[in-house]
Amino acid sequence: MGSPEVTEMPLMKSSTQDELHSPLEKTTSQLSGRIKDDGTYDAPKKAYSLAKVSTKQVDDIENTNSESETPPEETTEVVKNADDIAALIISAEDDPDLPVLTFRFWVLGCGLSAFGAVLSEIYYWKPQNASVSPLFQLIIAYVLGNAMHYTMPTTGFWRYVNPGPFNIKEHTSITIMASTASSTATSIGIVGTLDLFYGVTLSPAAAIFQSWASQLIGYGFAGILRRLLVWPTYALYPGTLPEIALLQSMHFGGLLNRKKMRYFWIVCIAIFCYEIIPTWMFPLITAFSIICLVDEGRSTFTRNLFGAGSSNEGLGLFSFGFDWVLISQAYPLYWPLQTQVSAWIGMALCYIVMMACYYGDVFQGYSRGLPFMSTGLFSGNGSSYDQTVILDANNQLDPVKFAEIGPPYMTTTYAVSLLHCRDLKNAFGKFRFMQGADDIEDIHYEKMKIYKEVPQWWYALIFFASLGVAIGTAYGHVDTLPWWSVIVFTIIAFILAVILGVIAAVTGFSVPTSSFVQVIAAYIHPQQPIQNMYAKLYGYNTGYQTLALLSDLKLGQYAKIPPRATFVAQCAGTVLGAVLDYILYKSMVDAHRADLQNPIGTRLWSGWVAQELNSAAITWGALSAELYNPGKLYFQIPMGLLYGFLAPIPLYILHCFFPKQQVWSYLNMPVLLTYLGWLPYSVNGMWWTSLVIGLASQWWVRLKYPRWYKKYNSLDGGTSIIYFILNFAVFGAGGQGVNFPIWWGNPDPNVLSVDHCAVAG
């Protein structure tokens with residue numbers, strides 16, 4: 001496809017200067033083109049830069065950023081791909097003189113980092129698979145930043161403290177710092193697992209330093225991968241789009257943006273007031289199922305298939321949830337439709353596979369009376385498995401004691417979730433995008449060239465220093481990994497970050513690879529559960545952290561933040577977040593130890609994440625030969641790696657025979673196969689609601705009403721605020737909880753689950 005034709009505009013005399021200019025000059029310069037001497041526009045080599053921008057749409061873009069009281073007409077162009085988004089939705093506007101690392105940045109950045117880290121650690125010990133919304137942190141930063149600007153003096157010394165209006169670069173940097181601190185480190189999860197299930201308590205220094213090391217190693221990887229996974233246009237990172245859209249609406253003037261902000265605040269306040277209803281007063285609507293209401297907990301089959309209101313209850317078929325905290329975990333508003341369709345297909349298969357395997361007794365879960373769903377380990381009679389009996393004083397497998405006790409058993413759903421064929425091969429196909437420096441013609445990257453880039457040696461220094469700390473802490477209070485193993489799994493993390501980073505950058509989906517890493521660790525360190533956990537820390541979490549850092553770097557590029565300022569914000573957030581994660585972990589575990597050790601958990605507290613870490617460490621680390629070798633009960637689980645490698649081949653063959661069929665673009669095998677084993681975790685009342693919302697936003701609204709498409713990013717803020725308040729006020733995060741009165745919509749948890757699908761006991 002060649003360069004688009006652009007209508008020539010007549011040259012006009014400026015009213016203030018005796019120079020000629022074109023009405024397109026400002027916008028086309030932002031799109032990396034240039035005005036030739038004869039006044040016509042010389043389009044850039046890449047068609048995407050202006051391919052979708054008509055003359056009328058250019059006027060709309062300029063009017064959006066003006067202070068005109070005439071409402072600009074929004075573009076009705078359908079947004080189809082990353083090139084369209086880069087040129088049409090994300091503004092290329094930039095002011096290089098705006099301050100970034102200001103006093104406001106440090107005050108609000110540290111404050112919101114602390115707030116986000118606390119909330120994230122609370123979520124870690126909840127039955128919901130939730131996370132802290134960056135949009136929530138963005139909203140609070142906007143309110144407080146403007147409050148500081150308007151209430152503080154601006155003369156004399158104060159001009160250094162209050163250098164002017166709260167700007168988009170300060171705002172974005174605060175958001176990046178806070179979101180970095182809000183990602184609960186796997187390292188702290190491992191510390192909690194050792195405390196809960198192994199009786200090992202690490203010192204605060206050892207826990208915090210290993211958390212810093214495992215995360216900061218990822219910074220070195222991110223520095224190397226910037227050219228491939230940040231600077232080009234195809235590295236879109238869909239998860240950052242709501243953030244940059246809201247940031248630009250808040251800070252770029254124009255009547256249209258003022259209307260969008262008014263809409264935003266209305267929805268944010270409304271959802272804040274509403275969220276108290278499903279979260280505390282009327283929890284039945286977190287998983288509303290007519291089938292469960294009719295059954296009233298009488299049928300185990302009904303509970304397993306349709307139940308969804310409590311932790312480890314059921315798969316949630318036809319259960320509709322109206323709690324945005326849960327719905328947002330499916331990302332229905334900003335995951336591309338292709339990604340969501342693959343997830344829906346995977347979950348549809350999940351219903352069939354889980355029920356067939358359980359009632360077909362594939363893994364002996366049904367015949368032995370094991371719970372339908374749990375990430376814990378069980379004895380052959382259905383009771384919890386006492387792993388301390390089979391481990392010696394060094395937490396290694398004792399073969400004699402193991403022969404006496406016998407092997408542990410996993411619930412069928414957990415076994416299938418480990419089997420779900422995580423596919424790595426498909427990612428290699430994405431490398432066709434990586435064409436070197438000539439491919440980097442992104443309009444936002446062009447704007448970033450005026451700023452000093454972070455030298456590669458900065459990233460190298462952090463990488464080697466962090467690697468040294470990781471090796472040092474491995475020989476601390478408890479032996480974890482030998483030095484050479486830390487290096488080996490760090491290399492594995494880098495390889496996975498390269499491969500899976502492409503999928504994350506293009507689709508917004510992060511393929512989980514923890515089981516893949518633990519399979520390797522089982523062969524390198526047999527019968528060593530703790531070493532297996534630490535292999536996961538450096539072989540998986542480090543790579544996952546790299547992807548999060550790359551996403552923040554892309555957000556910084558969209559907002560035109562100097563790269564060195566982004567670097568400072570990320571490092572500061574990581575350092576502060578690790579300290580607060582540790583403090584909150586101690587508080588949560590000490591206050592709710594019994595609930596967190598319970599393999600079923602409660603509606604409010606659950607240790608399912610730590611239990612999953614422990615179960616994987618025991619089965620892969622201590623008992624891999626006894627459980628996964630050929631002829632053993634769970635042999636099909638490691639075979640899932642082979643199945644996943646082969647899974648894309650049929651699709652590739654079909655694509656060769658029917659290359660014009662668009663259906664193949666809706667079948668992303670890494671996403672599909674991941675969601676094939678996704679439902680056994682957390683509560684499941686949100687998936688059918690998210691399906692409806694995803695279809696409405698990514699298909700109906702996006703195609704039929706594209707001008708509405710950019711407005712649906714305001715719900716997360718209100719939910720995060722009220723959820724934080726409720727956790728400390730009534731759910732017991734800060735001490736004793738306060739229960740809402742028992743009624744039909746809030747049944748007694750000692751009698752019935754919130755969706756009326758399971759009888760307690």
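Glycine residues also receive a Cβ, built from the backbone N, Cα and C atoms like all the rest.
Within the set 103-123, 565-585, the record from TrEMBL flags 103-123 under the feature transmembrane segment.
Spatially, the transmembrane segment (135-152) is not adjacent to the transmembrane segment (187-209); fewer than three Cβ-Cβ distances between them are under 8 Å for residues at least 6 apart in sequence. Of the two recorded stretches, the transmembrane segment (457-477) does not lie close to the transmembrane segment (633-654), with fewer than three CB pairs under 8 Å once pairs fewer than 6 apart in sequence are set aside. Only residues 6 or more beyond the boundaries of the transmembrane segment (187-209), in the same chain, are considered here, and those with a CB under 8 A from a CB of the stretch are 121, 124, 215, 387-388, 391, 395, 469, 472-473, 476-478, 530, 533-534, 537, 541, 578-579, 581-582, 585, 589, 593, 596-597, 607, 609-611, 613-614, 617.
With respect to Cβ pairs under 8 Å, the transmembrane segment (685-701) is most closely packed against 263-294, considering the stretches 263-294, 483-506, 633-654.
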